[in-house]
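Here's the structure, in structure tokens; my notes come after.
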Amino acid sequence: MATLSLTVNSGDPPLGALLAVEHVKDDVSISVEEGKENILHVSENVIFTDVNSILRYLARVATTAGLYGSNLMEHTEIDHWLEFSATKLSSCDSFTSTINELNHCLSLRTYLVGNSLSLADLCVWATLKGNAAWQEQLKQKKAPVHVKRWFGFLEAQQAFQSVGTKWDVSTTKARVAPEKKQDVGKFVELPGAEMGKVTVRFPPEASGYLHIGHAKAALLNQHYQVNFKGKLIMRFDDTNPEKEKEDFEKVILEDVAMLHIKPDQFTYTSDHFETIMKYAEKLIQEGKAYVDDTPAEQMKAEREQRIDSKHRKNPIEKNLQMWEEMKKGSQFGQSCCLRAKIDMSSNNGCMRDPTLYRCKIQPHPRTGNKYNVYPTYDFACPIVDSIEGVTHALRTTEYHDRDEQFYWIIEALGIRKPYIWEYSRLNLNNTVLSKRKLTWFVNEGLVDGWDDPRFPTVRGVLRRGMTVEGLKQFIAAQGSSRSVVNMEWDKIWAFNKKVIDPVAPRYVALLKKEVIPVNVPEAQEEMKEVAKHPKNPEVGLKPVWYSPKVFIEGADAETFSEGEMVTFINWGNLNITKIHKNADGKIISLDAKLNLENKDYKKTTKVTWLAETTHALPIPVICVTYEHLITKPVLGKDEDFKQYVNKNSKHEELMLGDPCLKDLKKGDIIQLQRRGFFICDQPYEPVSPYSCKEAPCVLIYIPDGHTKEMPTSGSKEKTKVEATKNETSAPFKERPTPSLNNNCTTSEDSLVLYNRVAVQGDVVRELKAKKAPKEDVDAAVKQLLSLKAEYKEKTGQEYKPGNPPAEIGQNISSNSSASILESKSLYDEVAAQGEVVRKLKAEKSPKAKINEAVECLLSLKAQYKEKTGKEYIPGQPPLSQSSDSSPTRNSEPAGLETPEAKVLFDKVASQGEVVRKLKTEKAPKDQVDIAVQELLQLKAQYKSLIGVEYKPVSATGAEDKDKKKKEKENKSEKQNKPQKQNDGQRKDPSKNQGGGLSSSGAGEGQGPKKQTRLGLEAKKEENLADWYSQVITKSEMIEYHDISGCYILRPWAYAIWEAIKDFFDAEIKKLGVENCYFPMFVSQSALEKEKTHVADFAPEVAWVTRSGKTELAEPIAIRPTSETVMYPAYAKWVQSHRDLPIKLNQWCNVVRWEFKHPQPFLRTREFLWQEGHSAFATMEEAAEEVLQILDLYAQVYEELLAIPVVKGRKTEKEKFAGGDYTTTIEAFISASGRAIQGGTSHHLGQNFSKMFEIVFEDPKIPGEKQFAYQNSWGLTTRTIGVMTMVHGDNMGLVLPPRVACVQVVIIPCGITNALSEEDKEALIAKCNDYRRRLLSVNIRVRADLRDNYSPGWKFNHWELKGVPIRLEVGPRDMKSCQFVAVRRDTGEKLTVAENEAETKLQAILEDIQVTLFTRASEDLKTHMVVANTMEDFQKILDSGKIVQIPFCGEIDCEDWIKKTTARDQDLEPGAPSMGAKSLCIPFKPLCELQPGAKCVCGKNPAKYYTLFGRSY
């Protein structure tokens, strides 16, 4: 047998494997060496990385050592201990119980298994050796006796001592995930709380099951119990014998145990009945309480009307007499109650003589018939809290009004006062938390019971797959906040996913009715073990069977084409050779051929499959999916929940399941690949002898927080990946080369080879960035090294990024070379002198010395400008004409190509790397100085040999691709905030796009001064999100605020809004609209008046709940829109038809608390808008205004912002909630392939006027009331974001002239030290003269006369800000009586005579506006097309276009389209995840609807062409 090789990571040595090696070394040849990973190499194709797998293999090959036992029983026991050591013994949570279990097993044994040493002893001993908790027990002499004996016995043996001596095993606690900030809420410190002296209580009523609202209360109390090392009392509130049921006490205790809450004390309110009764009698005797026999309904009315009861002034004797009747439970006593005498005139209803005791003759579960009177919860609670020593009573804010009553009782009785601390009640959407309502569901048989997975009970959510840890994390994230919010269920399930995703094993299930066979004749029927979890080997292995016939889902098969390569997960690549279809065109089977050698899985479709084999038959599986119980997210106060019960909330699908699923136990959580997470509700049962049937495995789908459906089958990844690949290689394939002589084929071959190396380098980097499998990376690296070797053999030099074969450069004409060499030499002198100046300043040399060096530098710069006609710009050496077309080609002097020069160049570069490395590692100063000296000597040798300064290669092209990988686009908004940049010099990107920011590169010890990152670092076509973020911040439009979703609009952005405002305001005033202002606050009752309207906004409404530290009596909403604020006033103002029409508009801000990822301008929590609200007597008038306003909105976009729009009407699904119909303008952003709503004009009909009573007397029918017809219309600051997305480019913002804050920026050029002061002043005066002239003709102009920035920096700055025209003027221009105008939209430079300045610039500005609109119109025209089938629609949609399709208008159909066109990014990396939604029904469709045309759904007749697309 060949020698085995064990590689050991010395930082984390596999102690068990090393012990096994010691015991088998006499039987097996094995070498041990250090490395980065723990791996056993058996052969080229076989390796083991799991310690237990290594142990098993060594024991099997060295049978004489007997480490794997002597029979099957011992073999099984050893496997148990291997699993035990890897799981239970490695967990810090259960270490104490686990070590006690081990102690019990060793009580009568020398070894764990059998009568000799085995793998069981090795692996358990190794785990304990590295366990901190065990070592601590040994140190404190608290280790269990039998484990200590066994551990010491093994430790004394030679093999264990040998391993312990060679390998240092550092004790660690059980594996802990890397620490990161937890998603937890803010727990407010308790006032007056002292460590160890806090007592809190959890007082549920034993009348039902706990729901997660109760769980929040219990967990908050536990939090303060633990954090203050205090006491938690679990108290059953059993004050009402009618509700109290002993069965529920047991249930609640079980629910509390499920939450891992351990109360310090269990009590009952009934424990204190005697004391409470005495306190009640004390109040009667002191005249603070009275007995009342007023009927309940009358008492309620009197309290509402603040009328005193007739018994309120009864004497104490009379009250005591009536109290005795209550205690006896007599007929009269049962009609009475005891009331506190507080204040019937109080504004707080809870203080109007509340009930303290009532008479009930039912027996009590604990006290039987001892009492006939029972206290109310509100009376008993403060007394029992005081008696039991509760220091802090945690209560929800709904008890706020009762707090005053709580303290009154405490003070009236003179007992100890606990502190009340409030927190918000947990409100969840689409469900009910009331026990009464939940009981109704159970009694009606609409659910399976209190543990139904649709129920919000603790048991219900646990049965649906919620883990206790996930539930605790969710509730902890809410903290002790008092903000009342309605929580989406998605949030709670997203927390749960974080818990289950890292540990849920992965299995396969196929939809039974859609399975398609795939024939793979060459496949062998065999079984291999694969990981249950791709990222967590500790989850274990599962068997996967392979056979010549496998099954896939039909939806996957439909996406295949013949000849296509498809990846079968956990198998490899297969080529589809034949697709068999029946007469209907439906696929019935596939033929495929193995292509397992091809490991390229990037471009392939991934499918799940199951093999047909008698060894492991698929099992029947039923997948159950539950929906919400209630269809409406938030129920109004007076709404009947029964009206919104979802009668179809349970769906089942019959599946063919992975054979491994037969081993699932009830409660096991798994993931079905490409379907989601599931929990086993009913394990699989084999064929029963009684029924002769097998019982399927029932799995319940666990939501994971997605707000959309996960696509299951038929998903493809090709398009995006291929596009990415093409982008990656494009710079190398398409790089222009200079025209050369005919004899340069060798050079061309070299360049092709150079480009291949560059492309392969990108492939390797991409693989590493994506953390691809090691074998894939190794294969790519191997190919890269092979190409580099071939390149070196062909060219005789090492491959260097950014340094293509130099032979090309040698064919350039000699005249051009000489000229460029001279300029290059001068450029290098300037750079070198710049280095001298910087060095002198860094060393704080005398001022005179620095001035002398600066004068020399300025003189060299002037010579350079005279020679080249250009300003000196760092990082932009002079290039020949031919070199302009190839920015990556060297323009070094010919001497560089000598062998000696090449060797010396490489030495300098290498030494530069050494210097940088030493500085990075913060090496000692003397060591750095020696390296720097050596570098300077090498540079001096290089200069003496070549005649020019050493200049590192400025790498472009390949190295540009090596920048940081873009971060995930769905990261949190604050992470996305760009850092503030310091202003500084930078090259003009219009002159040399694609180059590096500075010329420093490999081999540079001290490069030129670092260039400031003024320009954009992201490209619009590569990373739109980063590009957008950089454009709006670097162009000074937006500044981020510390509240997510709220932004500071800087003057540059606000000026655009002002331009829009000025135009629109003037136009609506022509229509008779007047401006006004209404308050931003809305009362809760007003907001809830229009229920449909409120439901649409409910999740986004922000609420004010507190003034200072005082809670408001009722929360106040901040307007999400103003209908509910304005229309009560309209109702007052409209008395007659003569009061109509009312046409009002307000320019204001609104708040909508979006939960999606905020984007400045596009999706924000606060934004500016105008909202118009009008009321008319007739529908015709209202309908006319709707279209008038829509036309004005279109003018804003098309005439001001130069953005074409599509006008149309919204579908029923997308229209404004509460309105009759909505008209809209839709714009298109080709960079993302998504549309965006530009503005909307709604016809509300009479819906709101009926709700708010906006009525007038019908002039035609006297005495008849008529409701007004209303419109509302709005345009927001979203317009600015749309403009940025549509027109912006890779240099920054592009502003249409009509909305630009500055239309022309004047920049003086040529101001150098050589320029006389008179000429400089004349130039500045000329700039100011131009400014004055342009202002006189209403051109918005600014002169940038700052003297601390170069013209190049200013060019960049104003290009980034999108100014339409840059006016450049220099001394030569003044002499020629002209200036240069540079267009921002095209980069075109125009020379304009001075006397034509006003007319020419006005004409150019108008032309820019037209050009921008024309360009955007062409873009929209090419990206908006017609499709008549669903297949065509999906293809066009996925190519980034918007599509007009025949549509029936049904909401269900639209939901189906959205779901069908959705893509999941887990399955299709980079795919747009959202489905298509209807944008509008265009007023002018691209083509007419043909008679009899069908909707794309294929079911209903089409009504009209509707524009669909992905949208913001």
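The backbone N, Cα and C atoms fix where each Cβ goes, glycine too.
Same-site candidate for L-proline binding, as annotated by Swiss-Prot with Thr1121, Ser1122, Glu1123, His1242, chosen from Arg1138, Arg1152, Arg1278: Arg1152.
When you go through Lys593, Lys788, Lys1069, Lys1477 in Swiss-Prot, the residue listed as N6-acetyllysine is Lys788. Among the ranges 272-276, 432-436, 1357-1361, 1367-1371, the stretch that Swiss-Prot annotates as motif ''KMSKS' region' is 432-436.
Checking Lys300, Lys328, Lys1089 against Swiss-Prot, you find N6-acetyllysine recorded for Lys300. Looking at 204-214, 347-357, 479-489, the range tied to motif ''HIGH' region' in Swiss-Prot is 204-214. When the motif ''HIGH' region' (204-214) is classified with DSSP, helix, strand and coil residues number 3 helix, 1 strand, 7 coil. Sitting within 8 Å of the Cβ centre of Cys1448, Cys1453, Cys1495, Cys1497, and not among those site residues for Zn(2+), are the Cβ atoms of Phe1447, Gly1449, Glu1450, Trp1456, Ile1457, Lys1494, Val1496, Gly1498, Lys1499, Asn1500, Ala1502.
Across the fold, the C-alpha of Thr355 (phosphothreonine) and the C-alpha of Lys535 (N6-acetyllysine) stand 61 Å from each other. Taking the Cα of Cys1448 (Zn(2+) binding site) as the reference point, the closest of the recorded positions Lys498, Thr1164, Ser1350 is Thr1164. Among the binding-site residues Gln1237, Thr1240, Thr1276, Arg1278, Cys1453, the residue whose Cα lies closest in space to that of Lys535 (N6-acetyllysine) is Cys1453. Taking Lys1503 (N6-acetyllysine) as the reference point, the recorded positions whose C-alpha atoms are within 10 Å of its C-alpha, out of Glu1154, Gln1237, Ser1350, Cys1495, Cys1497, are Cys1495.
In space, Gln1237 is the closest of the binding-site residues Thr1164, Gln1237, Thr1240, Thr1276 to Cys1497 (Zn(2+) binding site), judged by Cα positions.
The separation of Thr1164 (ATP binding site) from Cys1453 (Zn(2+) binding site), Cα to Cα, is 30 Å. A mean pLDDT of 82 is what the model gives for the motif ''HIGH' region' (204-214).
Secondary structure at Lys535 (N6-acetyllysine), as computed by DSSP, is coil. The secondary structure of Arg1278 (ATP binding site), as reduced to three states from DSSP, is helical. With respect to Glu1154 (ATP binding site), the closest of these recorded positions in Cα terms is Lys498, chosen from Lys498, Ser1350, Cys1495.
Under a cutoff of 8 A between CB atoms, and with a sequence separation of 6+ in the same chain, the neighbours of Lys542 (N6-acetyllysine) are Pro505, Tyr507, Glu529, Val530, Ala531, Lys532, Asp658, Cys660. Put plainly, the recorded positions Lys498, Arg1152, Arg1163, Arg1278, Lys1503 were compared by Cβ crowding within 10 Å, and the winner is Arg1278.
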